[in-house]
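Below is one structure, written out as structure tokens; comments come after it.
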Amino acid sequence: MAMAEGERTECAETPRDEPPADGTLKRAEELKTQANDYFKAKDYENAIKFYSQAIELNPGNAIYYGNRSLAYLRTECYGYALGDATRAIELDKKYIKGYYRRAASNMALGKFRAALRDYETVVKVKPNDKDAKMKYQECSKIVKQKAFERAIAGDEHRRSVVDSLDIESMTIEDEYSGPKLEDGKVTITFMKDLMQWYKDQKKLHRKCAYQILVQVKEVLCKLSTLVETTLKETEKITVCGDTHGQFYDLLNIFELNGLPSETNPYIFNGDFVDRGSFSVEVILTLFGFKLLYPDHFHLLRGNHETDNMNQIYGFEGEVKAKYTAQMYELFSEVFEWLPLAQCINGKVLIMHGGLFSEDGVTLDDIRKIERNRQPPDSGPMCDLLWSDPQPQNGRSVSKRGVSCQFGPDVTKAFLEENQLDYIIRSHEVKAEGYEVAHGGRCVTVFSAPNYCDQMGNKASYIHLQGSDLRPQFHQFTAVPHPNVKPMAYANTLLQLGMM
């Protein structure tokens, strides 16, 4: 998605060699110029549209593919970005930005070795380019770190961070005046104090943070992979989508819709962290409410509650900056126990991403998923976190490069087989904060307004009433936040403007 303000801006490139000026090629250049203007205005969808039209007229121009690849990167369509970058290189092996684009796409997909190969190519061609060297060195560090982690994982049985913690011996210093758990328990007073403390940009004491993490892990690991909830006719529940570290917008949700309680239950549908630079504040607030109301405050896993995403998009860096690497490891353990889906009254299924790459998946199949792991590259767990709907029937290759895209016929068949009415998912920015697709059978909700301080989108949350379960949408807009830019803790390669 769009980068934070203040980062090095990478603009769509203008072709160096003007093609022959016949009518078709001239029109392609005009379309490319229009696309560049949309790109500069951060209207990436229209930029993609006009680059695509230029490509139709002149499919042999590598720069058109390179430019569209960058626009796809901005809209998180990493699979499409990878394809365009590869095509640009095929057309012109000397087109260096094609290698940059492909490396960025592979980085976004967690394919660090493939990214390193492309950075290595750039360094060989431009050995004196400091920027290229820096990107190569940073990517090389990640590859070595991943290799080290794999070696450790293969040499010993997995040991929980909890086993190495001695929370009781942690001392809360006299000068700390912030919120503390009461007799080791989260209370409503603690939660109100915590939100105000965070609003004032202060840090929760590490002992309290560890207490919350250890306790919420105990709660989550007892849950089913598919949480099943019954609403009485007079009861309602609020469903929120991605919040992505936008803490002040989370506070606004509670201001507009009321604090969580036993009579005001919530479901937060994944992607609590990354991108926004208040992810620690968001996730500890959500975990606190989960401890306070374990049966009325629900958290589902998103594709950003995973190590690969956290390493790139900021959460790992943020936890290390505000606390320690050990605490990040504990967050990672806790994320692995987050449920993957929730079913309301046996009729509405909620998951972060969407439906499946293969037919015939049942609710019982979801229940049987062993979720306590990093997600695989394919299969039902991957699909629940990563897939997206598409308007045409059938399935197609994912624009993200992970999982699939599924059409209205796929949704209809899944719902009929499992006796469901519709699904609610998140995972995608929507200009109005929500979208109803597939004939009302596939609803998207997104709760991070003006995503990354750049997209200008509204956000929304959904009310479901037990009496009819029809989604009632409530839109809201972004509120001011302190001058800490999104992606402030993201991987150095992101901060260098490569994504």
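Just so it is clear, glycine is given a Cβ too, placed from its N, Cα and C backbone atoms.
What Swiss-Prot records for the substrate site is His244, Asn303, His304, Arg400, His427, and among Arg275, Arg371, Arg373 the residue it adds there is Arg275. According to Swiss-Prot, Asp271, Asn303, His427 bind Mn(2+) 2; the candidate from His352, His474, His481 that the record adds to this site is His352. For the recorded positions Asp271, His304, His352, a Cα-Cα cutoff of 10 angstroms around His244 (substrate binding site) retains Asp271, His304. With respect to their backbone Cα atoms, Arg275 (substrate binding site) and His352 (Mn(2+) 2 binding site) stand 17 Å from each other. Taking Cβ-Cβ distances under 8 Å and a sequence gap of 6 or more within the same chain, the neighbours of Asp271 (Mn(2+) 2 binding site) are Gly241, Asp242, Thr243, His244, Gly302, Asn303, His304, Glu305, His352, Ser426, His427. Its own atom aside, the Cβ of His427 (substrate binding site) has 26 Cβ atoms within 10 angstroms in the protein chains shown. Within the same chain, residues at least 6 positions away in sequence whose Cβ sits under 8 Å from that of Arg400 (substrate binding site) are Glu76, Cys77, Tyr78, Gly79, Leu109, Trp386, Asp388. In sequence order, Asp242, Asn269, Gly270, Gly302, His304, Gly353, Leu385, Trp386, Ser426 are the same-chain residues whose CB sits within 8 A of the CB centroid of Asp271, Asn303, His352, His427, the residues recorded for Mn(2+) 2 being left out.
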